[in-house]
Each structure stands twice: as structure tokens, then as C-alpha cells.
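The annotation Zn(2+) 1 binding site is assigned in TrEMBL to A:HIS81, A:ASP92, A:HIS189. Annotation source TrEMBL lists Zn(2+) 2 binding site at A:ASP92, A:GLU127, A:HIS381. Residues or ranges marked as allantoate binding site by TrEMBL: A:ARG214, A:ASN274, A:ARG287.
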Protein chains: 2
Amino acid sequence: MIEVTPQAVDDMMDWLSGISDAEGPGTTRLLYSPSWIDAQEQLKEKFETLGFNCEFDAVGNLFATLKGSEQPEEVIASGSHVDTVTKGGRLDGQLGIMAAYMAIEKLIEKNGQPKKSLQIISMAEEEGSRFPYVFWGSKNIFGLANKADVENIEDANGVGFEEAMHAAGFDYLEGAPKFNKIAAFLELHIEQGNYLEKEGKQVGVVNAIVGQKRYDVVLKGQANHAGTTLMEYRKDTVECFARIVTQGIDKAREEGNPLVLTFGRVEPKPNTVNVVPGETLFSIDCRHTDQAVLNRFTAELEADMRSLAEEMGIEIDIDNWMDEAPVPMDTHLVQTLEEVCKENDLNYQVMHSGAGHDAQIFAPRVPTAMIFVPSIDGISHNPAEHTEAKDIVPGIQALAGAFEKLAY
Amino acid sequence: MIEVTPQAVDDMMDWLSGISDAEGPGTTRLLYSPSWIDAQEQLKEKFETLGFNCEFDAVGNLFATLKGSEQPEEVIASGSHVDTVTKGGRLDGQLGIMAAYMAIEKLIEKNGQPKKSLQIISMAEEEGSRFPYVFWGSKNIFGLANKADVENIEDANGVGFEEAMHAAGFDYLEGAPKFNKIAAFLELHIEQGNYLEKEGKQVGVVNAIVGQKRYDVVLKGQANHAGTTLMEYRKDTVECFARIVTQGIDKAREEGNPLVLTFGRVEPKPNTVNVVPGETLFSIDCRHTDQAVLNRFTAELEADMRSLAEEMGIEIDIDNWMDEAPVPMDTHLVQTLEEVCKENDLNYQVMHSGAGHDAQIFAPRVPTAMIFVPSIDGISHNPAEHTEAKDIVPGIQALAGAFEKLAY
């Protein structure tokens with residue numbers, strides 16, 4: 001097993017997260033911004049110093065390749081996204097790039113040149129934080145994004161996507177993608193949840209990324225005086241909402257993990273103490289790793305909502321505006337990661353990812369898996385996002401172990 | 001029974017509701033404003049034409065008295081508030097003044113001078129719409145309001161209460177109140193609820209005004225990622241809120257009328273689709289005519305909320321910021337009104353008032369009762385507030401019948 005010191009991890013993350021458009025706390029490195037350009041350039045330099053061959057693709061994904069001695073065409077790749085949200089943490093995305101670098105650096109020290117090629121990918125964009133478009137980086141690796149998707153979108157300052165891209169020296173992908181021949185892709189990421197921390201595990205071996213459905217629901221009843229309207233004459237949309245939530249969450253708990261159900265947004269009208277709320281808008285976010293279960297559960301939830309509303313004489317409008325399929329990881333790669341953890345006494349947990357990641361763009365196209373390291377309190381997209389460096393090391397060791405098995 | 005035509009009611013209400021500070025729809029006649037002064041002056045003139053002796057008290061309540069022939073010191077009074085909310089309806093408050101006028105006008109035609117005195121009171125203020133103080137009119141009749149309550153309050157334009165009062169030609173009450181010797185007080189008002197309409201009744205005989213308690217409750221759990229946080233690791237304050245509402249409303253329905261329970265305001269944080277809400281503020285409004293029931297029910301509700309929160313590991317802060325006692329009406333006057341309705345074949349319903357009224361200031365001090373006329377859909381404090389004139393007439397007849405029994 002390679003040895004990585006917590007200090008080395010901290011130094012690396014201090015360096016990269018310090019490249020930011022704005023003063024801290026937190027890192028702000030939006031797509032095609034000055035700090036984004038700076039980060040990609042400095043990463044290229046760092047990778048070249050270690051003997052990598054570095055190349056940007058058309059849109060600005062950085063590929064750093066260490067050529068294999070025997071099967072150089074077999075590319076074992078790892079990486080994540082270099083962009084951050086506004087005032088993001090120091091680990092989301094960028095840790096995946098540096099973890100690949102630190103793992104390969106130590107493997108070269110230990111074993112020299114690999115037989116197959118090892119590649120670090122510093123992906124241009126995943127967050128959708130500057131422009132309303134996500135996975136611009138990973139989608140371009142496989143030719144899945146195109147001009148029509150972005151040519152009319154702008155950032156908050158009115159700068160067009162195309163204008164920003166051109167100013168950074170990049171352009172649309174034309175013709176066939178160049179870097180999509182990958183034998184295996186591994187992405188290390190912070191969990192952004194509290195499961196590993198709660199379970200006291202060092203490493204998460206991700207076997208699937210959840211599918212998710214999101215809804216906006218509007219209930220229309222009748223606004224009434226809270227004092228003069230007897231209970232039997234009410235069409236109280238907050239009461240209806242409460243019955244939907246109570247029944248829905250009871251059923252979600254009955255269904256069990258990995259199903260999650262969240263009613264995050266609630267907006268009654270007129271939202272005042274002495275009026276029975278005549279209208280309530282609320283959101284639903286429901287996720288599961290199994291499409292069939294997700295479909296069955298949400299179909300039942302929709303039917304339950306309709307009958308609860310009908311019983312109360314309340315109109316209901318259900319808008320399912322997001323429907324993303326679950327993405328299973330490659331079974332063989334998951335096994336490989338499990339073996340590495342077992343052989344090296346890493347306390348691991350096979351688990352799913354409840355959030356989306358670049359890996360979900362790779363997984364349907366090339367063998368893909370993910371490694372999670374714990375997140376303190378699950379906090380992310382926030383300057384308070386943190387994991388002690390000593391708790392990041394086991395993840396890097398697992399990644400290095402997988403590289404060793406796959407490329408040496 | 002006196003005869004009042006719907007046309008006469010409409011003409012009267014068109015006239016009075018037309019005296020407004022602002023363009024319609026709706027009437028805006030705030031305390032001590034030009035239209036308020038105008039309305040009180042025009043009412044005085046109208047009452048004097050009918051032979052009433054008119055007098056303002058210190059703060060601007062208008063008393064119009066028709067002296068009794070045998071027991072003039074026995075004053076049978078009726079009336080309501082002349083102020084409106086901003087863009088209020090044409091009936092709230094002002095109908096009670098005009099109903100008394102129309103009833104007495106017809107009684108004089110029918111029976112001449114009463115034995116006891118009949119009095120119309122056009123009260124200065126009830127709504128608290130210009131300044132943050134309610135019942136200024138009725139409280140001053142009994143010397144229950146004083147300088148300290150209002151000397152530091154301002155309207156939305158920064159005009160002080162005292163300044164507005166002085167500009168209108170009025171001042172604080174000094175010494176003992178002059179018009180508080182009332183043998184009986186009857187207030188006719190629109191129901192502002194939909195009970196009479198739903199039950200198909202012409203007249204409501206009010207036997208009590210509800211007591212009410214209002215709360216702000218804050219739940220503090222933990223904000224978490226909606227995808228990465230398993231159900232068992234959540235402290236979801238919207239779930240806790242929903243369980244409180246569902247259980248609370250189930251128990252309210254079990255308790256039965258006249259208990260009402262409303263959760264009108266809900267504000268989760270951060271109030272977004274993909275975050276488990278870490279904090280939720282909500283309001284409670286609970287009313288009942290029986291103080292003991294109200295106390296028992298809300299004590300149980302508070303205990304239930306605490307245990308639901310505790311079970312979920314959620315902190316709860318309960319602030320009971322309003323606690324007003326129920327006000328029973330005078331049993332004898334309620335009986336008198338029932339007799340009048342029976343004798344005149346008025347389809348009546350003994351009921352409580354779920355809203356507050358001037359009568360609640362009178363009731364603990366002088367024998368008091370209220371008459372309700374239906375409100376279409378219970379709509380009030382809104383230009384859409386409406387009752388067909390033909391559905392107002394029976395209430396005026398009931399009032400006249402009571403005057404006849406009490407004063408002739």
C-alpha cells in the first residue's frame with residue numbers, strides 16, 4: 001500500500017483551493033473564469049513535471065496521460081471536475097483530481113512506469129454554477145453536449161456562454177471526441193452525506209448513483225378566516241400538505257434504504273397566522289438506485305396525493321419536472337475496489353451515491369466506479385465542507401490500489 | 001315586524017361606503033382621516049334630522065340618542081365601528097351603524113317615541129388598520145384605553161397617533177367616561193364566516209365570542225443534502241411540522257365545534273427542493289368559546305408538539321404571544337333575540353363569533369349580544385365582501401324587534 005501523509009494532502013488541497021476568483025471563505029472557481037484558467041494551467045504544469053503528457057480537448061477538459069509500457073492504448077483514467085460552486089468547499093470535485101495525482105505519484109515511486117496508461121482528467125465543469133448547464137465537461141468527453149445546448153445561455157452578469165468559452169481560448173467540440181477511449185474510469189469524491197461518518201467507515205465503494213424525480217405540486221383549496229370558518233367547512237391546503245408529507249414519509253421509511261423522500265419547499269398563501277391557507281405550493285425530491293422501485297414508489301405517492309386532495313375537495317396539480325434514471329457502476333470495478341480494501345485492511349462500505357457526479361456520464365459508456373471519502377456532517381457546497389486529511393488518505397490508498405491492479 | 005326594503009339597505013350602504021379616502025374598489029376610511037371625519041359629521045347630520053341628540057365623546061365616538069319618554073336614563077344602545085381596513089368591504093362595521101339607524105327610523109314610524117332611550121353609537125375605531133392599536137373606540141367608552149397606549153405609535157406615513165387625533169379635533173379622554181351607562185348593547189355585524197350561508201339561516205344570534213391563542217413555533221433540526229442523507233439520519237423539520245399538523249387537526253376535529261385550529265404560516269429554511277429543511281417556523285391560531293376547553297386543548301397540543309419534536313431529535317421553541325379569553329354574551333339578551341326571531345318567523349341560529357368585535361369590550365361591562373347576517377363565502381376585509389340586501393333585512397328586523405321589546 002502506498003504511503004501518503006495527511007500533511008501532503010492538506011498542502012495539495014490548500015494549494016488548489018487557493019486558486020479562486022473571490023476572497024474566502026470558500027473557493028469560487030466558475031467555468032472559464034480567470035481562476036479556472038489559472039487552475040487548469042497550473043495543473044497542466046504540475047502534471048507535466050511528473051512526466052505526464054498533457055492536452056486540453058476543445059472545450060477545456062485537461063487530460064494528463066502517463067503512457068503505459070505494454071498496452072498504452074488501454075487507458076485507466078481518474079479525475080473529477082475543477083469548477084466549484086460560488087463559495088464552495090475545498091474538496092468537492094478538486095479532491096478527485098488531486099487524489100489521482102497523489103496516487104499515481106506514489107505508484108511511480110513504488111513501481112515505475114505502468115503497463116497500461118494512467119490518466120488524470122481535470123474536467124471543465126460539472127456544477128452548473130456559472131451557466132445553467134451541468135456536466136459540460138464530462139458530456140463533451142463523449143460528444144453528448146452541443147452548441148445548441150449552450151449558445152443562448154448567459155451567466156448572472158449577462159456574459160454569454162460562447163463568449164466566455166472563446167475568451168478562455170476554447171471552442172465547441174467539432175467532429176468525433178478524442179479522449180473517449182477509456183478502459184476504466186474511477187472517480188474519488190467526498191460523500192457529501194453523513195453515512196460513512198455515522199457508520200465509522202473509511203472508504204465508500206459506490207455501486208450505483210441514484211435516479212431522481214423532482215416535482216412541483218400546487219394544492220388549491222379555499223382561503224378562509226381562521227376564526228369564523230368551522231373545521232368542516234375548510235379546504236385547508238396546509239392540512240392537505242401535512243397529510244401528504246406524513247403518509248409519504250411513513251411509506252418511504254417502510255420502503256427502506258436507499259429510498260429518500262424530501263419535501264424541501266413549502267409556500268402557502270397568504271402565509272399569515274389568521275387565514276386558512278387557500279393555496280400551497282410544495283416540492284418533492286425522491287431518489288432510489290433502482291428505477292423500478294423509484295417508479296413504483298412515486299406512482300403510488302402521486303396516487304396517494306390525488307386521493308388525499310380529492311377527499312378534502314382540494315384541487316391538485318402535479319408537475320414532475322425532473323426524471324433522471326439511476327446509474328449502476330461497473331460490477332467488476334466495484335469488486336476490484338472491494339478486493340483492494342480487503343487486502344489493505346481499509347474499513348470500507350459498499351454504498352450508493354445519493355448525489356449526481358461526473359461518473360454518471362461515464363458509467364453507461366465505459367466501465368466506471370467511484371470511491372467516497374467521509375464528509376464531516378455531510379456538509380458540502382459550503383465553505384464549512386471539511387474532511388480531516390487523515391480521513392482522506394484511505395480513499396487515495398484505495399484508488400492507488402485499484403490503479404495498481406488495473407494498470408501494472 | 002318592521003318593513004325594510006332591500007333597496008333602502010343598498011342605498012344606505014352605497015352612501016356610507018362611498019365616503020372613502022381612496023378610489024375603489026373597496027372603502028378605505030382609516031381613523032381620523034379626512035373621510036373618517038366626513039363620515040362621522042354626515043352621520044351626525046343624518047341622525048339629527050331624525051330627531052336624535054348627537055354628541056361626540058373626547059376621542060370621536062359618536063353617540064346619537066333618542067330620548068325615552070318614561071325611563072330616559074335606561075339606554076338601549078346599538079352600533080359598530082365606522083373605520084374600515086384599507087380597501088375594506090362595504091359592510092364590515094358600518095352596517096352595524098346603519099342597521100341601528102334603519103331599525104329605529106322604522107320603529108319611530110310604527111310606534112313613535114320609545115319609553116326607554118334608544119342610542120346609536122358610531123364607534124371611532126376597531127380595526128387597528130391605521131395605527132397598531134385595536135378597539136380604540138369601544139375601549140374609550142369604558143375608560144379602558146389611555147394616553148400611554150398610543151402616544152408613541154405612528155401610521156405607515158410616520159404621522160403620530162396623537163397628532164392625527166388632534167388634527168381631527170379630538171383628544172384623550174380625561175376623567176370619567178360619560179357614555180358608559182348602557183342598559184343593553186346590541187351589535188349587528190356581518191358574520192365574516194360562511195356558517196349561516198352553509199346552513200341556510202337568515203340570522204345568527206351570537207351567544208359568545210371565542211377566546212383565542214396564537215403561537216409562533218420554531219423547529220430546529222439539521223439541514224441536509226436531500227440525496228445523500230438516508231431517512232434515518234435526518235432531522236427533517238418539515239416532516240416534524242407535518243406530523244404536528246396532522247395530529248393536531250385530527251384532535252381538533254375530534255374535539256368538535258366550536259374549536260378551530262389553523263396553521264396559517266409555514267416558513268422552512270432554506271426552502272429549496274434538494275435540501276432537507278433544517279429549520280421551520282410556523283404559526284398556530286386556536287379558538288374556542290370555552291376558556292377551559294381552549295386551555296386544555298392547547299396544553300395538550302403543546303405537549304404533543306414537544307413529544308413529537310423530542311422523538312425526532314428536533315429542538316422546539318413555542319411562543320404563545322396572544323391569549324385572549326372568550327367573552328360570553330348576556331343570556332337574557334340572547335333569549336330576547338331568540339324570542340324575536342321565533343315570533344317573526346326569522347330562520348335563526350344561535351352561534352358563536354369566531355372573530356373579535358366591539359361587543360367583546362362591552363360584554364363584560366354591560367348586557368350585550370350580537371346579531372349576525374350572512375356573509376357570501378365568508379369573505380371580509382376585501383372589496384369582494386358582500387351580502388345581498390335582501391339577506392341583510394332579516395337581521396335589521398331582528399334588531400328592531402329587540403329594540404321594541406326592550407325600549408317600548
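Cβ atoms are placed via backbone N, Cα and C, with glycine included.
Small disclaimer: the values here were computed from a predicted structure and weren't measured.
Among the binding-site residues A:HIS81, A:ASP92, A:GLU127, A:HIS189, none has a Cβ sitting under 8 Å from a Cβ of chain B. Working note on the binding-site residues A:ASP92, A:GLU127: by count of other C-beta atoms within 10 Å of each C-beta, A:ASP92 ranks first. Under 8 Å, Cβ to Cβ, and six or more positions away along its own chain, A:HIS381 (Zn(2+) 2 binding site) finds A:VAL85, A:GLY88, A:GLY89, A:ASP92, A:GLN192. The Zn(2+) 1 site is defined by A:HIS81, A:ASP92, A:HIS189, and by the 8 Å test on Cβ atoms against their centroid, the other residues of the chain that qualify are A:SER80, A:LEU91, A:GLY93, A:GLN94, A:LEU95, A:GLY96, A:GLU126, A:ILE190, A:HIS357, A:ASP358. Using a 10 angstroms CA-CA radius around A:GLU127 (Zn(2+) 2 binding site), the binding-site residues that qualify from A:HIS81, A:HIS189, A:ARG214, A:ASN274, A:ARG287 are A:HIS81.
It is 49 Å from the Cα atom of A:ASN274 (allantoate binding site) to that of A:HIS81 (Zn(2+) 1 binding site). Sparsest Cβ environment among the binding-site residues A:HIS81, A:HIS189, A:ARG214, A:ARG287 (other Cβ atoms counted within 10 Å): A:ARG214. Rounded to a whole number, the C-alpha distance linking A:ARG287 (allantoate binding site) with A:HIS81 (Zn(2+) 1 binding site) is 23 angstrom. The secondary structure of A:ARG214 (allantoate binding site), as reduced to three states from DSSP, is extended strand.
Under the three-state DSSP scheme, A:HIS81 (Zn(2+) 1 binding site) falls in the strand class. In the three-state DSSP reading, A:HIS381 (Zn(2+) 2 binding site) counts as coil. Around A:ASN274 (allantoate binding site), taking its Cβ as the centre, 18 other Cβ atoms fall within 10 Å, counting all chains. A:HIS81 (Zn(2+) 1 binding site) sits 24 Å from A:ARG214 (allantoate binding site), taking the CA atoms of both as reference points.
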